[in-house]
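In case it helps, Swiss-Prot gives these features for our protein:
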type	residues	note
REGION	171-245	region 'N7-methyltransferase activity'
REGION	246-428	region '2'-O-methyltransferase activity'
REGION	429-555	region 'N7-methyltransferase activity'
REGION	556-692	region 'GTase/RTPase activity'
REGION	693-835	region '2'-5'-phosphodiesterase activity'
ACT_SITE	His718	active site, for 2'-5'-phosphodiesterase activity
ACT_SITE	Thr720	active site, for 2'-5'-phosphodiesterase activity
ACT_SITE	His797	active site, for 2'-5'-phosphodiesterase activity
ACT_SITE	Thr799	active site, for 2'-5'-phosphodiesterase activity
Amino acid sequence: MKVLALRHSVAQVYADTQIYLHDDSKDEYENAFLISNLTTHNILYLNYSLKTLKILNKSGIAAVEVQSPDELFALIRCNFTYDYENNIIYLHDYSYYTNNEIRTDQHWITKTDIIDYLLPGWKLTYVGYNGKNTRGHYNFSFSCQNAATDDDIIIEYIYSNELDFQNFLLRKIKERMTTSLPIARLSNRVFRDKLFPSIVNIYKKVINVGPRNESMFTFLNFPTIKQFSNGAYIVKHTIKLKQEKWLGKRVSQFDIGQYKNMLNVVTTIYYYYNLYHSKPIIYMLGSAPSHWIHDIKQYSDFTFETWDPLDTPYSTIHHKELFFYKDVNKLKDNSILYIDIRTDRKNMDWKEWRKVVEQQTVNNLNIAYKYLSTGKAKVCCVKLTAMDLELPITAKLLHHPTTEVRSEFYAILDVWDIITIKRFIPKGVFYAFINNITTENVFIQPPFKLKASPTDYIVALYALSNDFNSRQDVINLINKQKQSLITVRMNNTFKDEPKVNFKNIYDWTFLPTDFELKDSIITSYDGCLGMFGLSISLSSKPTGNNHLFIINGNDKYYKLDQYANHMGISRRSHQIRFSESATSYSGYIFRDLSNNNFNLIGTNVENSVSGHVYNALIYYRYNYAFDLKRWIYLHSIGKVAIEGGRYYEHAPIELIYACRSAREFAILQDDLTVLRYADEIEGYINKVYSITYADDPNYFIGIKFNSIPYEYDVKVPHLTLGVLFISDNMIHNVVTVLKKMKTELFKTEISTSYTYMLSDNIYVANASGVLSTYFKLYNMFYRNHITFGQSRMFIPHITLSFSTKQTVRIESTRLKINSIYLRKIKGETVFDMSE
């Protein structure tokens, strides 16, 4: 959903668009709630309130002021991520395909021959980091840039087994044009760029679990963040390999050598960060042309000092000369050294060339060892070739993708590697490594152990659900970690599958009820974005690869109506009820009937079930931005801080009724996941509320009327407003509550319109308009620890006779209350009050 705020209506009609006119009779929160439950994707919001826009954005729903037709057209035609704190819009708009254009935000790609392999007549455009070079295209009242690129296609091609780039590109563009936008992945970079600066500013020690290549630039500015990944491939792991020969396989049609070099250097930077927690100087030998340096500098400021007889245009200091062993003393501490020296073959015979390469490998290693043997805080990444060679058993081997699989690979060495044991590795083993292993991640740090860390802030985005982790250990970590942002795969299956397939692995699935948390928010990606100054125009698909975002230890937990709130809670219900349902009242009718309340007169205004809880359960796949458990818990302890909107405090029994309705809905839909979720939420309600039932009551509250429009043969026809189980010394407490509620009780507009047999030999009249007052009275008694109400549904009725009678129907008739009293069952009246 996107909300576009306009001062004036527009003549143009847009598909999937609805107009909402601000309702001045309601406050900003109520207007926001009504907007959030509209069913179209685009909402044109007229006569808007800035506060309402802010409320929507904090809820993760993109809401933007629009000042011109051009702005409206730009935003209505595509999806976007909105940085509402800084008023920046990041479009995810691929309409540039109509210019026969693909886009990249990586400069090095523009310096390759990729243009030769594009679709006929197409071009490649560099748009800068997150599309910032496109800002000049939009002369808008807000900052705007198009963050859409085709880097995902290019990178996927590089790691694929396909060689024909044009066919690959064509297929992927067609896929993009025929499938829903993966909005979470596209906006994730914007999210990370907001998330980590805010966390690092607050917490001294931050742990990040499971970063992948798409985050390789994000963390360059955060050397103190401790990364955990899948670990490095080290020399001693080669013992499992069988010897092979040179393969000579082409990986990419266009030259990706620069990409390989960039990955090598970035891998080395993060390896250095994990050891020394600071930024290094970057020395590079054999550096030309290294156009990728420009990409790194777009994200973070590094000093690059380079040596090469050819130009290296983006380095900080360039020495247009060769680097020799004797020059190692020029290199300072607190640095990394990237050795990529390789003489051009030219017309050299391959045997002679092989000797040169092997000698050069030895020379490279000698430079590396000398560099690491003195000084402090140093890491080296060195180019090697497949040959009989001794290497430290702890050296980290790299084989990032390059244009052709030949004889080349790389090793990362630190100051401890050069003093450890070395192992002789035959050439054939190195070929086996090169032929079969591709380094897929620039983060090669050790795996994370699933243990809470009291002093650290843990971020684990899309990293812990894999089934090689113990599911219970993941739950324990989340329950015990005081400060964290952790995601787990949401169970949105219909058969309550404990794990689901994802690519070539399996993920554990989770529901919010799997966790026992306090002061924590469990929400969706959208809900999480709102907490970090962002909103989004498109929610994740309800049956997609969705995750629960669990935020432990933040200052937003008690701001119930501001973050992870009830915005959009009824949206899916509205979509169903006003399109394919038997009636738009279907939800109300089902909730009453499933709790054996057969009086459906006015069911849409006097319902016996919490619609919030019911919708949050049966449509949780659509509205899990709403943190239901938090909502229940804060109500149970009486700490609901509400800024605005229509607030209705539910009685705990209403929540129980909602769970029972949801359970029956799940049975009818054969939805085993909702069935379990409803059961567990009911269990949670009973855990946080101290609900007691007067199933064996000894007192009741009765309402006597001035007159009854039916024949009756009981002595005094009355409405039982509820039963109690109390000791005699609690009568005073009950009377005190009744006196406090006196005005509201006598204002209750009770009406009747028919009679029926409640059960064998009990003839009653219906009573409408009672439930709201009943639940308020229930809450008053609950807060005063007085047992009121039974476990079964309260059905308001007036007993007329204890014999079988025919049903009578009349026009709805208002009943005037004569008195309200407290009476002992089969005993005397102990309190009576009149208006």
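Note that Cβ sites are derived from N, Cα and C of the backbone, with glycine treated the same way.
Note that this is a predicted model, so its numbers are computed, not measured.
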How far is it from His797 (active site, for 2'-5'-phosphodiesterase activity) to Thr720 (active site, for 2'-5'-phosphodiesterase activity), counting Cα to Cα, in Å?
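Pair distance, Cα basis, whole Å: 7 Å.
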Between Thr720 (active site, for 2'-5'-phosphodiesterase activity) and Thr799 (active site, for 2'-5'-phosphodiesterase activity), what is the CA-CA distance rounded to a whole number of Å?
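Rounded to a whole number, the Cα-Cα distance is 9 Å.
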Given the model, what does the mean pLDDT over the region 'N7-methyltransferase activity' (171-245) come out as?
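Mean per-residue confidence for the region 'N7-methyltransferase activity' (171-245): 95 out of 100.
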Report the same-chain neighbours of His718 (active site, for 2'-5'-phosphodiesterase activity): residues 6+ apart in sequence with Cβ closer than 8 Å to its Cβ, ordered by sequence.
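His718 (active site, for 2'-5'-phosphodiesterase activity) has long-range Cβ partners Gly702, Ile703, Lys704, Phe705, Ile798, Thr799.
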